[in-house]
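Chemist: Before I ask anything, let me first share the structure, which is written out below as structure tokens.
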């Protein structure tokens, strides 16, 4: 059984909601009622979709790739920003028009009244990570088929919506923070960490299935284990603490790429950097700083010591010179002055971050930031966004120019009749840069190759494979 994903063109400047249609290979035998599935939003939502699909396949349902062939369509929604809400509502409407039998889940599902007001005819609505409730709705409108263990086989690692060579590994659910621009805690609740043994077991199954890269995700990755008071757990019979350092050490033993995402800038993040220097996890840190002005950070309810953060970044790079830092920022936050924005630009120039995404602030229903006075006009937001990205573009271009002439390991993502496309340790899938290998048509997705970097632009690299070195 194979799973393919379909995503729209991605950019490195804005992480918008992404639509994923689940498609099972056509040589799978029909084993029961047919389910269509649309997944919207972030990688954390994608993992929820994978879990639902895995359970459906385990129960004998067939997953199909068209509205017309589906007995029921499930839409896993995103509700983080207004544009994501609109995309979710539009997708629900499309599914109702094309099929008529729709079950809604995901973050927007936590706002049932809003969905019912626009689409009163949906069959059922559940909130995020309400897997059992989704299945109950499916059972009601598409009863369980007769289960045949010989035609309903599901791989040990479950159904995945990513390419075979990388997978998202979700380590916790929810968040204890109350950032004023965010409503995730109201939809997904407070932090709940997965047992460490369960996480390691899933990671091992993924590795055994051919996964070469694990992307560790959650709402707040560095808070892993806080809710358990960092209690002692067990993985493969050995004691392991429920904290991000111990978990990273265990994942690092597997001999595949381990990439940490959504790391909140707690002081104990400093403890992870030596693991990166030792090669146990990738020297890549996705850490959303959001802003640099102390005044704006205070309004956001984010850590406000920007100068201290610069000192930490300097120390991290001294410990691990190869460290790549990715971050996201919000411009046009309510009350942001030109002086605040200039502080951000100056900080960005000083920090010299490798990869950066930027959002123009968008009001989110229920967010505390909506009550802040001095909402910023859209034209000012756009101007600041463009100025911000111009500064970062220059930083990124200069950093990538320094890669020319070096040899880097590249993980191949795609191959066609023109060549191959891959990524270095410095680039996460879909949100960062790419490495183009023109003419390399004999490579395979998931293959690791050594590449001499020959050319660079603002975000991407071009190079040639060192075949003798393989």
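Each Cβ is built from the backbone N, Cα and C atoms, and glycine gets one as well.
As annotated in Swiss-Prot:
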{"type": "DOMAIN", "residues": "33-143", "note": "domain 'MTTase N-terminal'"}
{"type": "BINDING", "residues": "42, 78, 107", "note": "[4Fe-4S] cluster 1 binding site"}
{"type": "DOMAIN", "residues": "161-398", "note": "domain 'Radical SAM core'"}
{"type": "BINDING", "residues": "175, 179, 182", "note": "[4Fe-4S] cluster 2 binding site"}
{"type": "DOMAIN", "residues": "401-467", "note": "domain 'TRAM'"}
Chemist: Among all protein chains shown, how many Cβ atoms are found within 10 Å of the Cβ of residue 179 ([4Fe-4S] cluster 2 binding site), not counting that one?
Modeler: 19
Chemist: Once the chains shown are all counted, how many other Cβ atoms turn up within 10 Å of the Cβ of residue 107 ([4Fe-4S] cluster 1 binding site)?
Modeler: 28
Chemist: If one measures from the C-alpha of residue 179 ([4Fe-4S] cluster 2 binding site) to the C-alpha of residue 42 ([4Fe-4S] cluster 1 binding site), what distance in angstrom results, rounded to a whole number?
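Modeler: So the Cα of residue 42 ([4Fe-4S] cluster 1 binding site) lies 18 Å away from that of residue 179 ([4Fe-4S] cluster 2 binding site).
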Chemist: Cα of residue 107 ([4Fe-4S] cluster 1 binding site) to Cα of residue 175 ([4Fe-4S] cluster 2 binding site): how many Å, rounded?
Modeler: 14
Chemist: Hey, for the [4Fe-4S] cluster 2 site built from 175, 179, 182, who else sits with CB inside 8 A of the CB center?
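Modeler: Going along the sequence, the neighbours appear as 177, 178, 181, 183, 184, 185, 219.
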Chemist: Out of 42, 78, 175, give me whichever of these binding-site residues has the highest number of other Cβ atoms within 10 Å.
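Modeler: Of the binding-site residues 42, 78, 175, the highest Cβ count within 10 Å belongs to 78.
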Chemist: How big is the Cα-to-Cα gap, in Å, between residue 78 ([4Fe-4S] cluster 1 binding site) and residue 182 ([4Fe-4S] cluster 2 binding site)?
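Modeler: One finds 13 Å between the Cα atoms of these residues.
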Chemist: C-alpha of residue 175 ([4Fe-4S] cluster 2 binding site) to C-alpha of residue 42 ([4Fe-4S] cluster 1 binding site): distance in Å?
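Modeler: It is 15 Å, counting Cα to Cα.
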Chemist: Take the Cβ of residue 182 ([4Fe-4S] cluster 2 binding site) and count every other Cβ within 10 Å, whichever protein chain it belongs to.
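Modeler: There are 22 of them.
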Chemist: In whole Å, how far does the CA atom of residue 42 ([4Fe-4S] cluster 1 binding site) lie from that of residue 182 ([4Fe-4S] cluster 2 binding site)?
Modeler: 14
Chemist: Reduce the DSSP letter at residue 179 ([4Fe-4S] cluster 2 binding site) to three states and note it down.
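Modeler: Where residue 179 ([4Fe-4S] cluster 2 binding site) sits, the three-state DSSP reduction gives coil.
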Chemist: Of the residues in the domain 'MTTase N-terminal' (33-143), how many are helix, strand and coil by DSSP?
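Modeler: For that range the per-state counts are 55 helix, 24 strand, 32 coil.
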